[in-house]
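Peer 1: Got a structure for you, written out below as structure tokens; questions coming shortly.
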Amino acid sequence: MTDVTGAPADVLHTLFHSDQGGHEQVVLCQDRASGLKAVIALHSTALGPALGGTRFYPYANEAEAVADALNLARGMSYKNAMAGLEHGGGKAVIIGDPEQIKSEELLLAYGRFVASLGGRYVTACDVGTYVADMDVVARECRWTTGRSPENGGAGDSSVLTSFGVYQGMRAAAQHLWGDPTLRDRTVGIAGVGKVGHHLVEHLLAEGAHVVVTDVRKDVVRSLTERHPSVVAVADTDALIRVENLDIYAPCALGGALNDETVPVLTAKVVCGAANNQLAHPGVEKDLADRGILYAPDYVVNAGGVIQVADELHGFDFDRCKAKAAKIYDTTLAIFARAKEDGIPPAAAADRIAEQRMAEARARR
């Protein structure tokens, strides 16, 4: 871990007592003129420069921000490894309410901090930051992706994210039912924002039956008007209890799989775009005990990170789609490893990712 001499005591406590992941570097950033306070955490650069987004969030204190950055950076190492990218994992968090303090001056200052790492960290969008923000950051830092097409970027990544989740569903169907086709399968989608909407399109094109819910009723109404065959239910609680549900796709908030939802879930497969779907590590065992196949979220939702990584080399949609299509094979390999080792799929994915990172370190 990097030297953080002079950091507040609560931050030091978080760094040295909460970091069990062997992070390589943590940078505390402050620019008084713009009001910037940020944390950049690099978990691993074994496979290449750390890649991960910038989260802009009103954390209660610096220690909470550091803890989130450490956790998110570690997650990106595993995601990037399983996506087959030549990138390690990193994450940055900017402390504060973006609605209150986000400014061009602050984003430019942040870009200078990222640039000071000399390419060890490549940033992108995350919660609270958008394509337009990355355009500003890129004015001070060439190690920025997730930019607008007008500024050399690829733009919205929801198309490839949904395509990757769709490939994960096909892999689950192949593993469980011996056939990757989703025709006549019933798929329930919780959250039909940009990613969920595109996922609906893929499923309908293949002849699946689709059931949806979203807290934004106007979004659901627009979707069902456009696709009358789509069935809407009141809420997620109703969705997970739908009779004869084959696949459940959490595509909204994290923690969708928990002690309350798993016991009543009727689906045989869980495969969705939401991050951090498992509320706690014991949930996956609960799923397995009920005979429910779980496709690890960070594997199947990797289409977005595949896109932003490709942007660094001059974005090509067809090349990205071909890479995202490999999520099918990767997911099948995870299920096979899980069966071979007698462990849940998420644990199998972690083992494969750790093996790839260890092999990369050994080659150095």
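Even glycines carry a Cβ here, placed using N, Cα and C.
So Swiss-Prot lists the following for this protein:
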ACT_SITE  Lys91  active site
BINDING   Gly191, Val192, Gly193, Lys194, Val195, Gly196, His197  NAD(+) binding site
Peer 1: Determine the Cβ neighbour count for Gly193 (NAD(+) binding site): the number of other Cβ atoms within 10 Å of its Cβ.
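Peer 2: Around Gly193 (NAD(+) binding site), other Cβ atoms within 10 Å: 14.
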Peer 1: Taking the centroid of the Cβ atoms of Gly191, Val192, Gly193, Lys194, Val195, Gly196, His197 (NAD(+) site), which other same-chain residues have Cβ within 8 Å of it?
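Peer 2: Residues close to the NAD(+) site, other than Gly191, Val192, Gly193, Lys194, Val195, Gly196, His197: Ser158, Ser162, Ile189, His198, Leu199, Val200, Asp214, Val219, Cys251, Ala252, Ala273.
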Peer 1: In the structure shown, which of the binding-site residues Val192, Val195 has the fewest other Cβ atoms within 10 Å?
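Peer 2: Among the binding-site residues Val192, Val195, the sparsest Cβ neighbourhood within 10 Å belongs to Val192.
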Peer 1: According to DSSP, does the residue listed as 'active site' fall in a helix, a strand, or coil?
Peer 2: strand
Peer 1: Could you measure between Gly193 (NAD(+) binding site) and Lys91 (active site) for me? Cα positions, answer in whole angstrom.
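Peer 2: Gly193 (NAD(+) binding site) and Lys91 (active site) have their Cα atoms 24 Å apart.
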